[in-house]
Structure formats: C-alpha cells, structure tokens
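In Swiss-Prot this protein carries:
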BINDING   Cys60, Cys248, His273  Zn(2+) binding site
BINDING   Cys60, Gly61, Ile62, Thr63, Thr75, Asn98, Ile99, Thr100, Trp244, Gly266, Ser267, Asp268, Ile300  L-cysteinyl-5'-AMP binding site
MOTIF     62-72  motif ''HIGH' region'
MOTIF     204-209  motif ''ERGGDP' region'
MOTIF     306-310  motif ''KMSKS' region'
Amino acid sequence: MNQPSDLSHTSMSRVEAMHSWSAPNVPALPGRGPQLRLYDSADRQVRPVAPGATATMYVCGITPYDATHLGHAATYLTFDLVHRLWRDSGHDVHYVQNITDVDDPLFERAQRDGIGWRELGDRETELFREDMAALRVLPPRDYVAATEAIAEVVELVEKMLAAGAAYVVDDPQYPDVYFRADATVQFGYESGYDRDTMLALFAERGGDPDRPGKSDPLDALLWLAERPGEPSWPSPFGPGRPGWHVECAAIALSRIGTGLDIQGGGSDLIFPHHEFSAAHAECVTGERRFARHYVHAGMIGWDGHKMSKSRGNLVLVSQLRRDGVDPAAIRLGLFAGHYRDDRFWSPAVLDEALARLHRWRSATALAGAPDATDVVARVRRYLADDLDTPKALAALDGWATDALTYGGHDATAGTTVATAVDALLGIAL
C-alpha cells in the first residue's frame, strides 16, 4: 500500500475535530481465523481478500439527518464483521468512515424542522455514535466529517482540473465544477451497468443529468458554486462546497492512500456514488482500481418497501433501544439473513432473534456442555466464507440445542463459545 496522498498538505488548515465512539472489548481467540473471502461487486465473484499486515477499509458514513435506521445498522454491522474477522486472522486494521455533514437533504430537513443545519448534523451524528456503541460496533480509526476535509477536496479538484478530467461549466452565476465521466477508460467497471441504467440511477440518486452546460449528462458534480443561504468555503475556483462523491475520494486518499483493500457501503451506493468516487481517485493516482474489493450490503425493508428516509418507513435503532430491546438481538436479527441479500425486518424477525439470544445465553451458562472446538472452528470458517452468518448462527443453534437437551462434561465449553460469539459476532452472552 502506498502512503496517504499529499492531499492532506494544503494551504487550508485541516481540522481533526470529529471523534468516533468507545470501542468494545474484543476477546482474543486461540490461533488465527482463516483467510477472509468476500464477494467483489466489480468482479461479480467471491474471492480472497489479501491485505498486508495492516488491512485497510473505507466505508461511507451517514448523512446525519435521520439516524440510525436498521438499513444503516445492517451496513455497519456487515463491515464490523469484516473488521473482527481481520483482527481474528492477525491483521491490524485501518478503518476510515466519513460523515456527509454538508448536503442538500440535511439542509432541507433543517429548514423543515426550523433548526440550524450544523445543529441538526451534530445531534444526529451523536445519536449515530450512541447507536453504534450500543450495537458494539468497532469504531473507525479515522472518523471524518466532510466539513473537516474541505482542504483535501479542494486539492483533489484542482488536480482533476489540471489533468483535464474536470471542467467549469459556462455559467457566470453558478460556475460549478464537474468531473468528466469519460476521464478514465475503465469507468463503469465497478457497477457493470449500461449507459441507460447509469442515467436512470444517476437521476434517481442525487445526480443532475439535465444541468445546462454539462459536456455529458453523466458528468458528476465536484464543486457546487456558492448558492444563497447555503454554506460555502473558499477555493481557487470560487466559493462553494463539495459534491458528494469527491468527499469520499479525498478522505480515503488522504487517510489511507492508494491500494485500499475494501471500499464498502450499501448496495444503493454502487452507482453513482462508489463508481464516481473510485473514478475520481483513479484519474489522479493512475491506479487501475481504487479498491481491491468493492463490497456492498443488501437493503433492509419494512412494510413491503426498502427502508429509506425519503419514504419514511424507518425502524430506528434508538427507538428499539428505548423500547427495551437488547442491542444484541438487533445484531442477531440482522445477521439472520446473508449480508448481500435484500431482506425485511419484522416483529417475527425480532422475536426469533430474542429467542435465539435466550437459548445461547442459557446454553453457555451451563456448568457442563458439549465440547466447543468444532463449533468454534465452523463459525470461523462460515464467517470467513463471504460472511455466511446464517450458517454460523445455525452451527451455534445446533451446539446450544445439544447443550440444553443433553448437557455435557466440558466445564469450559460455555465460556469458549461465549468468547467466540463475542469476538467474531460482537454479541455478549
């Protein structure tokens, strides 16, 4: 892996004010877990993840105006598993996550609620941190707000302009800066979508294909020129604020550098967000791939639809916690399905998770239980095979059923299983 980019060295000061959340204790297991294999969205296949001594991962964070729904939780729990499995196999982990704390949806919600956008963002970010701590998610090493990375964004945009990969639209009032979608020959490799699909998703997911003055409807916003009533920062190309995709490229390059092991997020980020953030980085570094693996979690639904802020069909982690739901059951409920699958949350899913948690706690509390060596090995193996949580949970169910039905003579088995469940699945029994 190369060193972090010199994007961090600009004439604009960089403020490191954002903090993450307290890390849960992670017990160590004997030996080392097997090599992790994950589905790569770009290659459309499961293949080994082969980091160096330090594994690197960038996961896109929230836009803090309605945190934290179970769709968010499913994504961050997915990459928490990756983090834990890397640690179990002997790697140090450099995990970076951003917060998109300057964006149109945030401004719109703040205006609707009669609150300042910074106040809203700070409040929802703090709630997100509380939810992540309650869910026992391992925190990122670098937790970076977009507003803390303006200097890096400005320098990255300058490099793209100098390389001819970006241009300023001919608009005296709003001279926005755009990225040329054809700036890299490999553009489109991550999603594999055809142009019509790209255009449809671009319009649906925050793009502006009809913006006058663009060279191509797919060209993506890098720098939005200052608008009345909106925050802005100075730059060589005029006051304004960052586009969405360039924030992640700049933060990842400045904190980790090239050779990123995993870029991750929800499957709705494959295009345009991840496709463009990768292209932004690739066009200035010359790298063929921004990340060795592109990993995406499926969507969580409720009442027959994908859970989303725009639809308003949200099940919030904070509300479940206020209702007295054990956060360990939330983890188990989301782990009951495979991370790549779109799936639905329901009262039945929660009830099953609570019952499973009770069985596991009862089994691990027994004075004697069946030997745990095989079940721990199988859980490690299943999780290393593209995070197969359904098989891992089924293996633990089998051990717990045997323990509760037949007992056993191993006085340490319960502790062994509880330690493995804590270390690998993040669930305290």
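Keep in mind that glycine also has a Cβ here, set from the backbone N, Cα and C atoms.
Owing to the predicted nature of the structure, the values given are computational and were not obtained by experimental measurement.
Using a Cβ-Cβ cut-off under 8 Å and counting only residues 6 or more beyond its ends in the same chain, the motif ''HIGH' region' (62-72) has close neighbours at 99-101, 103, 105-106, 109-110, 120-125, 127-128, 131-132, 266, 299-300, 302, 306-309, 314-318, 330, 334, 345. Close to Ile62 (L-cysteinyl-5'-AMP binding site) in the fold, though at least 6 residues off in sequence, lie Thr68, His72, Ile99, Thr100, Glu124, Thr125, Phe128, each with a CB less than 8 Å from its CB. For Ile300 (L-cysteinyl-5'-AMP binding site), the nearest of the binding-site residues Cys60, Cys248, His273 in terms of C-alpha separation is Cys60.
Cβ neighbour count for Ser267 (L-cysteinyl-5'-AMP binding site) (all protein chains, 10 Å cutoff from its Cβ): 18. Over all protein chains present, the Cβ of Trp244 (L-cysteinyl-5'-AMP binding site) has 24 other Cβ atoms lying within 10 Å. Across the fold, the C-alpha of Trp244 (L-cysteinyl-5'-AMP binding site) and the C-alpha of His273 (Zn(2+) binding site) stand 8 Å from each other.
Taking the Cα atom of each, Cys60 (Zn(2+) binding site) and Ser267 (L-cysteinyl-5'-AMP binding site) are about 11 angstrom apart.
Look at the motif ''ERGGDP' region' (204-209): DSSP puts its residues at 1 helix, 0 strand, 5 coil.
The secondary structure of Ile99 (L-cysteinyl-5'-AMP binding site), as reduced to three states from DSSP, is extended strand.
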